[in-house]
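*Asks:* The following block contains the structure, expressed as structure tokens.
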Amino acid sequence: MMNQLLIAILLASACLVYCTQYVTVFYGVPTWKNATIPLFCATRNRDTWGTIQCLPDNDDYQEITLNVTEAFDAWNNTVTEQAIEDVWHLFETSIKPCVKLTPLCVAMKCSSTESSTGNNTTSKSTSTTTTTPTDQEQEISEDTPCARADNCSGLGEEETINCQFNMTGLERDKKKQYNETWYSKDVVCETNNSTNQTQCYMNHCNTSVITESCDKHYWDAIRFRYCAPPGYALLRCNDTNYSGFAPNCSKVVASTCTRMMETQTSTWFGFNGTRAENRTYIYWHGRDNRTIISLNKYYNLSLHCKRPGNKTVKQIMLMSGHVFHSHYQPINKRPRQAWCWFKGKWKDAMQEVKETLAKHPRYRGTNDTRNISFAAPGKGSDPEVAYMWTNCRGEFLYCNMTWFLNWIENKTHRNYAPCHIKQIINTWHKVGRNVYLPPREGELSCNSTVTSIIANIDWQNNNQTNITFSAEVAELYRLELGDYKLVEITPIGFAPTKEKRYSSAHGRHTRGVFVLGFLGFLATAGSAMGAASLTVSAQSRTLLAGIVQQQQQLLDVVKRQQELLRLTVWGTKNLQARVTAIEKYLQDQARLNSWGCAFRQVCHTTVPWVNDSLAPDWDNMTWQEWEKQVRYLEANISKSLEQAQIQQEKNMYELQKLNSWDIFGNWFDLTSWVKYIQYGVLIIVAVIALRIVIYVVQMLSRLRKGYRPVFSSPPGYIQQIHIHKDRGQPANEETEEDGGSNGGDRYWPWPIAYIHFLIRQLIRLLTRLYSICRDLLSRSFLTLQLIYQNLRDWLRLRTAFLQYGCEWIQEAFQAAARATRETLAGACRGLWRVLERIGRGILAVPRRIRQGAEIALL
């Protein structure tokens with residue numbers, strides 16, 4: 001019976017062990033998480049200053065479609081934020097500020113410039129008052145005479161002001177007077193009532209540091225793309241309905257680099273963008289009404305700006321080592337005003353913008369496009385907000401867009417806008433900084449393709465909607481790169497399996513994997529976990545090969561640019577991208593090594609799975625979906641794996657220590673003699689302690705028998721208890737009192753009797769506990785025996801029924817076989833008889849013919 005119980009316990013333990021799931025580490029699974037690592041850029045502009053900012057572009061980039069769902073946000077996006085920051089640095093690099101012009105914070109005596117003759121002013125005022133509306137409000141093109149002569153209606157001369165100021169610097173304690181011509185918008189003047197003189201200062205003189213370029217540089221836009229470092233990837237939402245915010249984009253592609261983009265610095269409009277399509281679509285902020293509207297390229301919208309060139313540039317030596325570039329005009333002559341004109345089907349494009357806005361799911365205003373209008377920002381804003389601000393070959397233009405807004409609303413016919421130039425501008429990225437740009441000689445002209453509109457959508461009571469132009473330059477890059485997101489490849493995954501470490505794994509069919517470089521690793525991201533895990537070995541090799549390939553490509557381009565990387569911001573980013581990839585791979589291998597899984601694609605462990613209710617669906621769930629469910633368990637799993645590995649290393653160390661005793665020569669090793677001496681001392685101490693224990697036990701045993709040790713107290717100090725024993729007392733009492741046949745009076749020391757009493761009580765307690773435990777075990781055994789007998793009888797009965805059923809089925813099959821055999825035999829015999837008769841009949845035909853012939857002849 002005990003053997004049967006032991007077998008049942010072993011079977012239950014085996015079932016428990018078999019049902020326990022253990023943590024299995026997979027290396028090479030297609031999973032990722034959001035990342036903020038710096039990107040590096042690549043460009044094909046090899047002949048401009050931008051080539052020292054980015055690496056050469058080889059155009060060898062591919063995209064792989066993923067069967068996954070991912071969240072995208074153009075405004076909460078590290079790719080767009082890096083683009084905004086980097087373009088700002090490119091902008092700063094292009095003008096290279098180096099000289100602080102703080103000496104110009106001096107009082108200047110200024111007077112406004114006048115025309116050379118009074119005829120210009122008269123003709124100007126006359127033309128303003130006497131021209132017909134047809135002449136004033138005409139739409140111009142390339143062939144319009146006023147466009148070629150820069151004298152279209154409404155365009156005048158740039159407002160300038162002549163100033164004089166004194167500076168000390170070239171000669172000690174000697175002042176020198178300088179004459180300078182400023183744009184009137186770059187100075188602020190105040191009138192002294194006591195002297196009736198006008199004193200002017202440079203604008204923003206006391207609030208910012210103004211810098212001038214050491215050399216004259218143009219802000220030439222460059223086209224470039226961002227690339228992810230090895231070990232990282234870029235995901236793109238390929239859904240045409242994507243509007244800047246999509247929590248569940250189901251059309252996702254993976255790539256190593258973005259599309260080409262162009263550096264843009266302008267307000268109101270975006271120029272030369274790469275996202276223009278044959279449709280109009282809107283990117284809308286997820287929490288407010290900020291939008292960026294991509295215009296339909298079908299309408300061929302463009303902007304042509306021009307500044308007539310009738311000024312020269314001269315150098316003014318302010319003090320030793322400080323040179324100031326001043327724009328010099330002939331006396332009493334002001335420069336012509338800059339202006340821009342709009343080409344293309346602008347009215348049709350703006351009407352399509354209104355219709356697209358009315359259909360947008362985020363829009364809650366009126367659907368009547370007649371009540372949707374374009375509006376300028378409110379008055380009192382910064383010049384970059386109130387005017388359209390753009391850069392034309394180094395000069396910053398501030399264009400008054402009132403005529404343009406009236407033109408697209410069919411209120412006027414002027415498709416051009418007057419502009420003025422400022423030398424001191426507000427920066428578009430960092431608030432409160434001003435950059436001084438030197439003037440330029442000659443005529444300036446620039447042509448740009450208009451691809452987007454920066455605007456805020458405002459509506460009230462479903463009656464009127466305003467599309468207000470905005471000065472958020474950063475929105476341009478959210479349109480360019482807002483459908484991308486940067487992710488870090490996390491090839492280490494955890495999943496529960498029944499295999500334990502050192503157990504044999506089930507055989508798996510080997511599947512081939514097409515090596516597609518680094519992105520080939522992500523090709524199985526949309527596959528089920530089971531299918532992806534079958535190719536995990538090949539995927540890990542593809543991952544490593546892709547990282548090495550990207551490292552080599554990056555190293556090659558860095559080598560080609562090593563001379564130009566000394567003074568650029570991008571150089572450090574490129575080198576950081578290379579170092580980051582190596583660190584990431586080493587970090588993954590370090591984690592695997594801490595778990596005892598170094599350089600293993602599938603690693604079984606002895607750590608039990610922490611949550612039995614959480615199990616993967618190997619046939620229908622992707623690794624990315626599974627990773628999202630177990631991400632909160634990764635810290636605990638990692639800690640448990642590290643502890644298990646530490647314990648494993650300790651066990652291996654102890655095992656190696658035991659293995660050292662297998663060699664007989666190690667017993668006589670000199671390094672072991674100290675241990676031998678230590679063991680001898682411990683043995684001696686143990687023997688002495690054992691002797692002490694034995695002596696104490698013997699002493700207690702003598703005390704129990706009534707003896708006193710030699711060093712005990714004198715008898716007079718021990719109180720004696722007189723115990724009278726009755727001779728008629730039962731024999732069992734005599735036996736209990738150690739015989740009792742001696743009779744008479746006996747004297748017991750009362751401490752010894754008390755000890756005997758305690759010992760008897762302890763014996764009774766232990767006896768009772770023993771009896772209770774024995775009864776409990778016996779009853780449990782009887783209960784288990786009864787259950788076992790009933791289970792055995794039930795199994796025996798079911799086995800008998802099954803055996804009887806099998807015998808009955810066997811007999812039925814045998815009977816069916818006999819019947820079939822007899823039926824087939826009878827059928828064969830009957831068929832044989834029929835065939836035999838037919839054969840005999842055929843054989844008898846000649847005989848019958850002969851007999852008939854004989855009868856006929858007779």
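A Cβ is built for glycine as well, from the same backbone N, Cα and C atoms used for every other residue.
On a predicted model such as this, the values are computed, not experimentally measured, just so you know.
As annotated in Swiss-Prot:
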type     : residues : note
COILED   : 624-645  : coiled coil
CARBOHYD : Asn67    : N-linked glycosylation site
CARBOHYD : Asn76    : N-linked glycosylation site
CARBOHYD : Asn120   : N-linked glycosylation site
CARBOHYD : Asn151   : N-linked glycosylation site
CARBOHYD : Asn179   : N-linked glycosylation site
CARBOHYD : Asn192   : N-linked glycosylation site
CARBOHYD : Asn193   : N-linked glycosylation site
CARBOHYD : Asn300   : N-linked glycosylation site
CARBOHYD : Asn410   : N-linked glycosylation site
CARBOHYD : Asn466   : N-linked glycosylation site
CARBOHYD : Asn620   : N-linked glycosylation site
CARBOHYD : Asn636   : N-linked glycosylation site
LIPID    : Cys773   : S-palmitoyl cysteine
REGION   : 111-142  : region 'Disordered'
REGION   : 305-339  : region 'V3'
REGION   : 512-532  : region 'Fusion peptide'
MOTIF    : 707-710  : motif 'YXXV motif'
SIGNAL   : 1-19     : signal peptide
TOPO_DOM : 20-679   : topological domain 'Extracellular'
*Asks:* Report, in whole Å, the straight Cα-to-Cα distance of Asn179 (N-linked glycosylation site) from Asn466 (N-linked glycosylation site).
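*Replies:* Here the two Cα atoms are 47 Å apart.
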*Asks:* When you rank Asn151, Asn179, Asn410 by Cα distance to Asn76 (N-linked glycosylation site), which of the glycosylation sites ends up on top as the closest?
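*Replies:* Considering only the listed glycosylation sites, the nearest one is Asn410.
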*Asks:* With an 8 Å cut-off on Cβ-Cβ distance and a minimum sequence separation of at least 6, pull the same-chain contacts of Cys773 (S-palmitoyl cysteine), or say none.
*Replies:* none
*Asks:* By CA-CA distance, flag whichever of Asn179, Asn300, Asn410, Asn620 among the glycosylation sites is nearest to Asn151 (N-linked glycosylation site).
*Replies:* Asn410
*Asks:* Averaged over the motif 'YXXV motif' (707-710), what pLDDT does the prediction give?
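*Replies:* A mean pLDDT of 50 is what the predicted model shows over the motif 'YXXV motif' (707-710).
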*Asks:* Once near-sequence residues are set aside, which residues in the chain of Asn410 (N-linked glycosylation site), 6 or more away, have Cβ atoms under 8 Å from its Cβ?
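*Replies:* Result: Lys347.
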*Asks:* Going along the chain, which residues six or more apart from Asn636 (N-linked glycosylation site) have their CB under 8 A from its CB?
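*Replies:* Long-range Cβ contacts: Val610.
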*Asks:* Which of these glycosylation sites is closest to Asn300 (N-linked glycosylation site) if you go by CA atoms: Asn67, Asn179, Asn620?
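*Replies:* The smallest Cα gap between Asn300 (N-linked glycosylation site) and any of the glycosylation sites is with Asn67.
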*Asks:* What kind of secondary structure is Asn179 (N-linked glycosylation site) part of, going by DSSP in three states?
*Replies:* strand
*Asks:* In sequence order, which residues at least six apart in the same chain have a CB under 8 Å from the CB of Asn179 (N-linked glycosylation site)?
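*Replies:* When sequence neighbours closer than 6 are ignored, Asn179 (N-linked glycosylation site) has Asn162, Cys163, Gln164 within Cβ distance under 8 Å.
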*Asks:* Quick check for the class: what is the C-alpha distance, in angstrom and rounded, between Asn620 (N-linked glycosylation site) and Asn67 (N-linked glycosylation site)?
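*Replies:* Cα-Cα, rounded: 12 Å.
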*Asks:* Taking DSSP three-state, what's Asn466 (N-linked glycosylation site) in: helix, strand or coil?
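*Replies:* Note: Asn466 (N-linked glycosylation site) is in a strand by DSSP.
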